[in-house]
Structure formats: C-alpha cells, structure tokens
Amino acid sequence: MKGGKLIIFSAPSGSGKTTIVRHLLKQSELNLAFSVSATSRPRRGKEKEGEHYYFITVSEFKQHIKKDDFLEWEEVYRDNFYGTLKSEVERLWAEGKNVIFDIDVAGGLRIKKKFPKETLAVFVKPPSVDELKIRLKKRSTESDDKINMRIAKASVELATAPQFDKVIKNYDLDTALNEAHELVAEFVGVNQTE
Ligand code: 5GP
C-alpha cells in the first residue's frame, strides 16, 4: 500500500475527537478524506451507512478478519468490533487524498507502527475523567451501563498518550480546533488560510 499521509485522532470516547475531525474535514486545503470504519455495533440515531460506518454483522466482521482485509481491528467493547479496511485506505489514496481516522487508541498506534513515516498520530486529552462522564451523559446516546464501560476504558487509554506524536488538550474547544488545524497543516505541508 502506498499513497498520501495518514492522520490519526485517537482519544477516550467523549473527548471531542469526532468534533475535531469533522472540523478538519471542512478545511479544503488540507485535502483530507475520512476513513469510514467497519463496525458490528448497532447504528445510532442519525448515523448513515457508508458515511459514519459500514455497519456489518459480527459474522461478516469475522469473515473479513479471516481474509486479512483489515489494516487494524479491535473488539473495542464486547461484541462491538471496529476495524479499518485496507480497501478503504487504498480507495482514498487512489483519489489522491490524505486520510484522517477517528479510531481508538490501540488501533491508532497499530497504524502508526505499520506506516511510521506517513502517519501523524494525535491524542486528544479530555480535562478529566469526571468531565468525560458529564459529556457522555449529555450526549445521552447510550445507557448508563455503556457509559460506565466507556469511562472504565478511558482511564486505561489516557495512559497511552505519551506514545502518540502529539497530544492536544481539549479543555477549550476553539483552542483545540486551532491547534489541531495547525498541526495537520504543518504535517501535510500547506499554509493555513485561516
Ligand atoms: P463509537 O461507538 O462511539 O462510534 O466508537 C467507539 C470507539 O471505537 C471510538 O473510540 C472510535 O474512535 C473507535 N473506532 C471507530 N472506528 C474504529 C476502527 O476502525 N478501529 C478501531 N481500532 N477503533 C475504531
């Protein structure tokens, strides 16, 4: 596999990485395209097939694992598999795009290991685990059980921050957005227009 740059945003659930990734995708000079992951978790609210995720069954997911179709995959939560299909990155590279990922910490580090030169791996740090809990509750897309599961995982994930190329503290959203924009612009080699 060969092509443009890979930009990874990883963070505990609720840290604001999705907001940051969406903001960056709007900056046309960065020439970014979103890597749509495959997942076996159920579709939430307004999520669209092929836009947010490729929604597949656990058995379809396991077939892809068998065929070695994934660049990386994780059982992020029990029976909720998430993975980056090699075909997805190949497709976006063929379009001449830099690929941006919103994936979990383990997956992010795995891609970084496979493509050390092409990858910028950014960790988004929430103000605190308590604040994370508040944000996840506000989002109210999941049950208390699922929120607690995400919080438990967050503490483990926070410890991996030093393994990333850069850490952005998302204490103030505008500051975090600017910082992310600057980092990515520098990495892909363009001057910022904003
Ligand atoms: P959610 O269920 O909130 O959409 O995602 C749960 C977690 O899975 C998030 O941390 C998200 O970034 C991560 N995730 C999404 N896609 C992938 C993927 O392809 N690979 C890995 N390893 N994690 C992913």
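Glycine is no exception: its Cβ is also placed from the backbone N, Cα and C atoms.
Listed in TrEMBL for this protein:
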{"type": "BINDING", "residues": "Ala11, Pro12, Ser13, Gly14, Ser15, Gly16, Lys17, Thr18", "note": "ATP binding site"}
{"type": "DOMAIN", "residues": "4-185", "note": "domain 'Guanylate kinase-like'"}
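Structure coloured by features recorded in TrEMBL.
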residue : record           : contacts (Cβ under 8 Å, 6+ apart)
Ala11   : ATP binding site : Lys17, Val105, Phe123, Val124, Lys125, Pro126, Glu157, Asn170
Pro12   : ATP binding site : Val105, Pro126, Leu132, Arg150, Lys153, Ala154, Glu157, Leu158
Ser13   : ATP binding site : Leu132, Leu136, Arg150, Lys153, Ala154
Gly14   : ATP binding site : Pro126, Leu132, Lys133, Arg135, Leu136, Arg139, Arg150, Ala154
Ser15   : ATP binding site : Val124, Lys125, Pro126, Leu132, Asn170
Gly16   : ATP binding site : Val124, Pro126, Arg135, Asn170, Leu173, Ala176
Thr18   : ATP binding site : Asp102
Subject >> Assigned conformation of Gly14 (ATP binding site) - DSSP reduced to three states >> reply: coil
Original post:
Do any of the binding-site residues Pro12, Gly16, Lys17 touch ligand 1, in the sense that the CB is under 6 Å from one of its atoms?
Top reply: none
**OP:** Across all the protein chains here, work out how many other Cβ atoms are within 10 Å of the Cβ of Lys17 (ATP binding site).
**Re:** 27
Original post:
With the ATP site defined by Ala11, Pro12, Ser13, Gly14, Ser15, Gly16, Lys17, Thr18, which remaining residues of that chain have Cβ atoms positioned within 8 Å of the Cβ centroid?
Top reply: Val124, Pro126, Leu132, Asn170
**OP:** Express the predicted model's confidence over the domain 'Guanylate kinase-like' (4-185) as a mean pLDDT, rounded to an integer.
**Re:** 93
